[in-house]
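What Swiss-Prot says about this protein:
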type	residues	note
BINDING	T74, D95, N123, A124	S-adenosyl-L-methionine binding site
Amino acid sequence: MSDDSSNSTHFGYKTVEAEKKADMVAGVFHSVAAKYDIMNDVMSFGIHRMWKRFTIESAGARPGMKVLDLAGGTGDLTAKFSRIVGETGQVTLADINDSMLKVGREKLRDKGIVGNVNYVQANAEALPFPDNHFDIITIAFGLRNVTNKDAAIASMLRVLKPGGKLLVLEFSKPQHEIMRKIYDIYSFKVLPKMGSLITKDADSYEYLAESIRMHPDQDTLKQMMEDAGFEQVNYTNMTDGIVALHKGYKF
């Protein structure tokens, strides 16, 4: 279980008042929004595209479905889902950060992706959608930034249709010691320097590295999803567990 429901929580390695975390996270993403896509490619050596492609394939979206791309940021998953669900379907790109939403909206419109996509500024902990509304929900690299993860998972369960699927793509825990050592050096020595060079903001990427370490590991997140009421929960490790895709169903 998450302990984020108390009056304090973590912001990276810092302990902060729970009600202040959302604003602090917002500051990070306001700062990096304009260069977010570039940094994703650089810091993952482009591998994030493979992780996201696997997520989309695992979702099993079909024409006519309603998909929620939560914490969807600059719209990578939304763009793919929009083509899959077609004119009879709908994709909702939701993010708590208006700077990220603005970048995502402009990017998708420049690609001609309009008509079956709508944009909503929303807090994952209290989603502003009806019960039993979406066929699929994805949250990619967003859950670790949420203050009360249990509340967010419960909110996602509520708005999923019976038979619907949640997919959580998130940084996790490498499975082998040698990979953990390499990953630590890269995350804390190299990544902030990249952030400084590309976005002029080393601190935000230091937070991102710390937030990954504070996020629940694979089995803990699986248990959190089961505790919320998801069934048939499982996960797939990618790149030795640097990233994991968790899947669960609402029945």
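We count from 1, first residue shown onward.
Using the three backbone atoms N, Cα and C, a Cβ is placed for every residue, glycine included.
Distribution of Swiss-Prot features across the structure.
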residue	record	CB count, 10 Å
T74	S-adenosyl-L-methionine binding site	23
D95	S-adenosyl-L-methionine binding site	27
N123	S-adenosyl-L-methionine binding site	17
A124	S-adenosyl-L-methionine binding site	24
| Among T74, D95, N123, A124, the record's S-adenosyl-L-methionine binders - longest CA distance, Å | 17
| task | Could you check what DSSP calls D95 (S-adenosyl-L-methionine binding site) once collapsed to helix, strand or coil? | result | strand
